[in-house]
Structure formats: C-alpha cells, structure tokens
Amino acid sequence: MDHLTHVKHPLVQHKLSLMRDRDTSTAVFRQLLREISQLLAYEVTRELPMTTRRIETPLQAMDAPVLAGRKLALVSILRAGNGLLDGILELVPSARVGFVGLYRDEETLKPVQYYFKVPDQLDERLVIAVDPMLATGNSSVAAIDLLKEKGAKDIRFLCLLAAPEGIARMKEAHPDVPIVTAAVDEKLNDLGYIVPGLGDAGDRMFGTK
Ligand SMILES: O=P(O)(O)OC[C@H]1O[C@H](OP(=O)(O)OP(=O)(O)O)[C@H](O)[C@@H]1O
Ligand SMILES: O=c1cc[nH]c(=O)[nH]1
Ligand SMILES: [Mg+2]
C-alpha cells in the first residue's frame, strides 16, 4: 500500500462535508461517521489476502473466494476512534478489538495516556488503528509506538481528516505504516486544530465541550 491513500469517493466527500458543517447535530454527525467508516473500511481492507473454499451452490460445486482468515485487530484511539470503530466492526464482526486511551494536553499538544488494552499475538495480526483526526500526529505516533512495543509489525492507520503536518510526522516516525484518509486539509492553526477541519471530533461526536 502507498504511504498515503486519499479516498476521494463522492459519497465519502459528500458525507464529510456534512460533518464539517457546524450546524450538523451530534446525532447526525455520529451517524455520518459510522457511514463513512464503512466506506473507508472498504479501502483499508482492499488488499486482505484471499483463499478459496469449496462450496456447493444450488447448481454446482465451485472454489469460492473467501478471506484467508488472517487475524485482524482493530485498535481504537479513544475517545474519537470509537466513532470509526463501530461501523468497521459491523463489516468485520470477527475482528479482535483493542483500545489506546489518549487525550491531547491542550497546552503542550502532547498525548497523555490513560488506558491500553489490546488483543494478544499482535505480531501475527494485521492491525488497523483508527482515529478520525491526524493533527500534529503526536497521538497517532504515540499509539503506534505502543502497538509496536506489543509486537505489532503490520499496521495501518485509518483517519477521516489529516493535516500535512501530521502526515509528515507519521512518515518520519512510522514510514512502514500506511495512512488512509478521506481528506488532507490545509494546515494546523495556532491551537493545533486542523483547518478548515471539523472542530473537535470527540466533542462533536459525544456532545461534550
Ligand atoms: O494529531 P494530534 O495533534 O495528536 O491530535 C489528534 C488527536 O486529538 C483528538 O483526540 P483528543 O485528544 O481530543 O481526545 P478525544 O478523542 O478524547 O476527544 C483526536 O481524536 C486525536 O486522537
Ligand atoms: O482539529 C482537531 C485536532 C485534533 N483533534 C480534533 O478533534 N480536531
Ligand atoms: Mg477531543
């Protein structure tokens, strides 16, 4: 996979524009994120290995293509990652799930860790880490550091919005981790928010401030 995949599908872009709109309610924001997560999941799982299984259709036998049963782990970077996680889990219900709890200190923009729980045998799994926002990249780099410490070797990062600064930081720290995103925005503002962006994803999703 390329280091950066920008998903430009019209449905993704349309839904993302609705999410960016400040007048979009919490309920609609959450629903749109769920819908987009499934479209992005399509992209991030595109190269999953396949095998075949002998089955009988009502008409005849065939070697039907099926997933090779590669172990998949989805890792949500809390809180906002859960907005992407839920929709993907509907598509791949057998995936194992991990959580990395991080929040950004508003002054330093450094991530503060408060939780970590991931499935075992990460070294044997394709690990898809999800967080809607890639801003400075401090959170995603820290989360992926932790996953690598636990043995993960094949990691992908799925987000909704990425800033050029965050993409560069990820490329420097984790060049082996492909990023899939629905948009690459202009820049970060002085407070470290992505602009034009959509605001604070966690707050918009959960109705907090
Ligand atoms: O690339 P960065 O500069 O690190 O910023 C991105 C992080 O900021 C947001 O989380 P936040 O800290 O607001 O936590 P939340 O999900 O609990 O709202 C977002 O969901 C990312 O985790
Ligand atoms: O714009 C931003 C930056 C970090 N986290 C968010 O939720 N939004
Ligand atoms: Mg937040």
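Cβ coordinates come from backbone N, Cα and C, glycine included.
A TrEMBL annotation is a machine prediction, not a hand-curated record.
Keep in mind that this is a model prediction, so the values were computed, not measured.
Summarising the annotation, TrEMBL assigns domain 'Phosphoribosyltransferase' to 7-208.
Every protein chain considered, the tally of other Cβ atoms within 10 Å of the Cβ of ASP200 (uracil binding site) stands at 15. Residues or ranges marked as 5-phospho-alpha-D-ribose 1-diphosphate binding site by TrEMBL: ARG79, ARG104, ASP131, PRO132, MET133, LEU134, ALA135, THR136, GLY137, ASN138, SER139, ASP200.
Around ALA201 (uracil binding site), taking its Cβ as the centre, 25 other Cβ atoms fall within 10 Å, counting all chains. Among the features that TrEMBL reports, uracil binding site is placed at ILE194, GLY199, ASP200, ALA201.
A Cβ distance below 6 Å to any atom of ligand 3 is met, among the binding-site residues ASP131, MET133, GLY137, SER139, GLY199, ASP200, by ASP200. Candidates ARG79, MET133, ALA135, SER139 (binding-site residues) were compared with ILE194 (uracil binding site); those inside 10 Å Cα-Cα are MET133, ALA135. Here the binding residues for 5-phospho-alpha-D-ribose 1-diphosphate are ARG79, ARG104, ASP131, PRO132, MET133, LEU134, ALA135, THR136, GLY137, ASN138, SER139, ASP200. Their largest Cα to Cα distance works out to 17 Å.
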